[in-house]
Amino acid sequence: MSHPKLELTNITKVFYPHTVNERIALKSVSLTLREGDFVTIIGSNGAGKSTLLNVISGAHRSEAGILRVDGADVTRLADHQRARYISRVFQDPMAGTSPHMTIEQNLSMALSRGRRRGLRRGVSAAKRSRFREELAALELGLEDRLGVRVGMLSGGQRQALSLLMATFSEPEILLLDEHTAALDPQRAALVTRLTGEAVARHGLTALMVTHNMEQALQLGNRLIMMHEGEIIFEIDAGAKERATVPDLLAEFGKVRGATEALSDRTLLG
Amino acid sequence: MIVALDLGLVFAVMALGVYISFRILDFADLTVDGSFTTGAATAAALIVSGVSPWLATVASIGAGLVAGSITGLLHAKGGINPLLAGILTQIALYSINLRIMGRANVPLLRAQTIMSPLRDARLLGTPVSVLVFLGLAVIVAALLVWLLSTDMGLAMQATGDNESMIRSLGVNTDAMKIFGLALSNGLVALCGALIAQYQGFADIGMGIGLIVAGLASVIIGQAIFGQRTVLIAASAVVVGSVVYRVVIQIALMVGLNPNDMKLISAVLVVVALLLPKWDVVRRYRNSRQERLDKLTEPFDEPEPVAIGKEAHR
């Protein structure tokens, strides 16, 4: 039926609860993604962007709230159980691949995402020819290097591979956590382009955290801004195409002004 | 010297077990000292009580699987540090091994064992027994290489290589570690059962320091052959085990006594660990690696031409 692809209802995440270090990272966040939505998330450090992705992927457990994928409640599933629905690209190019294993082995493991892994051959001839095809589309020459260990690749190549691994098995939800932040501008632009292409080709529903406002505007059909664990601003499909970086900076300015005034008052008070 | 080949090939089964925990799972598992004796004790106790030696040997594998799972549970579910989890199981197994045997030593000299056909024909320590044990080591290594190339085996390799990545791909890494440690100690216990039947007794102290012999085999073998693929790595472990026993045999022949063996084992492992770090050796290995890479794959990264434009848009 027409369930939303991803539905967060009043998700709250508290770090170090009941201690002096208690910090509320997400304050009752609600967010709904329809099929094919591609939402980019911006916000200052500590706004809760990465925490939000970690809660969705299951790496962190939320203290309250409900998380649904395709109408199914997945709040209580562990991260490896949610992998059936959700795939993810990390910020660190080293994090998304297995360095001592070959390109084809890494791809094979990604192809089995969320499925039972039995005693079939990990890399079969059929899979190999599919991998070659998928890698050729990256235009990095990796299709001729299936047997090379991933640790031998550059950061940009590894991140492009991670992206392919996360998308070609067509997950219900794709999570991108500042996945171009660790790359030089040229490689970042390449991975950004590949991201747009992959999401479009597979019709994926995606959430992307980024610090780069240009990228946040370039990719996706919706944009949200987070601050101190809350979604404070949202641009919808239509408005996003017309939005510019100065618009976003102005929104940031509002928030910053508010908090600075507040902290001044606290200091004086 | 032929006895050293015999022993090296039988102990290769144990070394392959250590390879699973130490290299594949990246888990220094000290359970081995206990589970080796558990395998020997289980087989010896069953054989003495009249059970078929083949059945007794299979039962010893089962005992090793249980021992390994306990270490796995302590670590994966209990969150106990790998070294400590292994030591705890190892110490607990000491008491359990004594319970299984009923005393500190069980002689098997007059019992019918799976080694009896070879022993009765006076073939132990001859080229024939070397061939038989070579066959055994090759079969175990081949099964391991096959297992590691399956979907499940790839997931196990990734569990030791990049745990958070393979979890994000839907693998329960806790279960994978428990399974891997069980398998590892199953092989170690099988080796214990074989050694007990080879030497004609099981003894409570036979596993002491064995982890060092296992690590020595893995490290020596892979220092010689490298570990580019699982096939090379597993074969290297078998060769490493034989090399280790031969070195020990030579040390005995030049007049050191059996009590010195633990010291020699430890020195061997230290040398094998430090040698690859020396500049001379490293330079040699790197140049060999480069030649290998040139032979196998082109290694140029093409410039993504179209990208520049997009970046400056």
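Counting starts with 1 at the first residue shown.
Every residue gets a Cβ built from N, Cα and C, even glycine.
Any TrEMBL annotation is an automated prediction that lacks curation.
What TrEMBL lists as transmembrane segment is B:7-25 (among others).
The transmembrane segment annotation in TrEMBL covers B:54-76 (among others).
Among the features that TrEMBL reports, transmembrane segment is placed at B:83-101 (among others).
Feature annotation from TrEMBL assigns transmembrane segment to B:121-148 (among others).
The feature transmembrane segment is assigned by TrEMBL to B:178-198 (among others).
Beyond the transmembrane segment (B:204-225), the same-chain residues lying 6 or more positions past its ends with a Cβ under 8 Å from any Cβ of the stretch are 11-12, 14-15, 17-19, 22-23, 29-30, 32-37, 40-41, 94, 97-98, 101, 104-105, 188, 192, 195-196, 232-233, 235-241, 243-244, 262, 265-266, 268-269, 272-273, 275-276. The transmembrane segment feature in TrEMBL is assigned to B:204-225 (among others).
Remote same-chain partners of the transmembrane segment (B:230-251), defined as residues 6 or more beyond its termini with a Cβ less than 8 Å from a stretch Cβ, comprise 1, 3-5, 7-9, 11-12, 14-16, 18-19, 23, 137-138, 141, 144-145, 148-149, 157, 213, 216-222, 224, 260-261, 264-265, 268. The transmembrane segment annotation in TrEMBL covers B:230-251 (among others).
The transmembrane segment feature in TrEMBL is assigned to B:263-281 (among others). Long-range Cβ contacts of the transmembrane segment (B:263-281) within its own chain (Cβ-Cβ under 8 Å, at least 6 residues beyond either end) map to 209, 212-213, 215-216, 219-220, 223, 244, 247-248, 251, 256.
The recorded stretches the transmembrane segment (B:178-198) and the transmembrane segment (B:54-76) share 3+ CB pairs below 8 A when only pairs 6 or more apart in sequence are counted, and are therefore in contact. When the stretches B:7-25, B:54-76, B:83-101 are ranked by Cβ pairs under 8 Å to the transmembrane segment (B:121-148), first place goes to B:7-25.
Proximity of distant same-chain residues to the transmembrane segment (B:54-76), defined by a Cβ-Cβ separation under 8 Å and at least 6 residues beyond the stretch ends, is recorded for 27, 29, 31, 34-35, 38-40, 42-44, 46-47, 82, 85-86, 88-89, 92-93, 114, 173-175, 177-190, 192-194, 197.
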